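Here's what TrEMBL has on this protein:
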- 45-161: domain 'Response regulatory' (DOMAIN)
- 172-212: region 'Disordered' (REGION)
- 184-198: compositional bias 'Basic and acidic residues' (COMPBIAS)
Amino acid sequence: MDSNFSYSNLLLEDTDSIVEGDSSSSCIGTSTGTNSGNRDFSEGLRALVVDSLLGHWETTPLLKKYHYEVTNVLGGEEVLNLLRQKPGCFDLVISEVNLPGMSGFELLKSITKEFLTLPVFLMSKDCKPEMVKKGIMKGASYYLRKPLAEPDIEKLWQHVYLKRLEKKVDNKNKDQNESLGQDSSKKQKEKTPELSKKKDPRKNPLSIDISCPPAPNSSNIVWDDNLHRLFVQAVEHLGINGRQCK
């Protein structure tokens, strides 16, 4: 990863595009909000809320006050079906922990496994430390106490923004790693022919070094009468001189 790269670099890059999400998805009945740079970051964010009818009656007005586009459902299975049918059409999920059938924790597990970058917020009247820790450890972006208060709603967009920022960082790191891998593979291919030329021939007894051609075979000597006569003379000479050697 580039040492000069940080979250602050991304904060300077088209903030509106990060907050508004993927506008290429076809989402009937939803909008992308305004393009004003001075608008609230929460404006136009699409919230999928799963709760009881009474819970929706309490939560929906607060979300709409901060310009969230709210879709209300009653169960976890309905949430998963909507997310699969309309990928990219929701920016966050807010779920009651104590749901009939599939619990909020089970729904959280399914969403974090199947929709990695979608922030999920849990809410419950039971905010004991062990419950909050369980939710956060399982991947919840935040654990809200019911009934929800305006300060909680005001801060939801920050978690959505952070999640998208992390996704953008991950994508940038992935691109850099792929680029480094391609460069490394290319360099390795360039080095391979050079290494094969420098291979030690002693490690392969069958290899032949073409740079050192073998010495020519010595010509055969024909033993004729003349050579035999010279040989006899040499022996006689050595025999006479040999008596003088100590």
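Any Cβ shown, glycine's included, is placed from N, Cα and C.
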For the domain 'Response regulatory' (45-161), the number of residues DSSP places in helix, strand and coil: 55 helix, 24 strand, 38 coil
Taken over the domain 'Response regulatory' (45-161), the model's mean pLDDT: 94
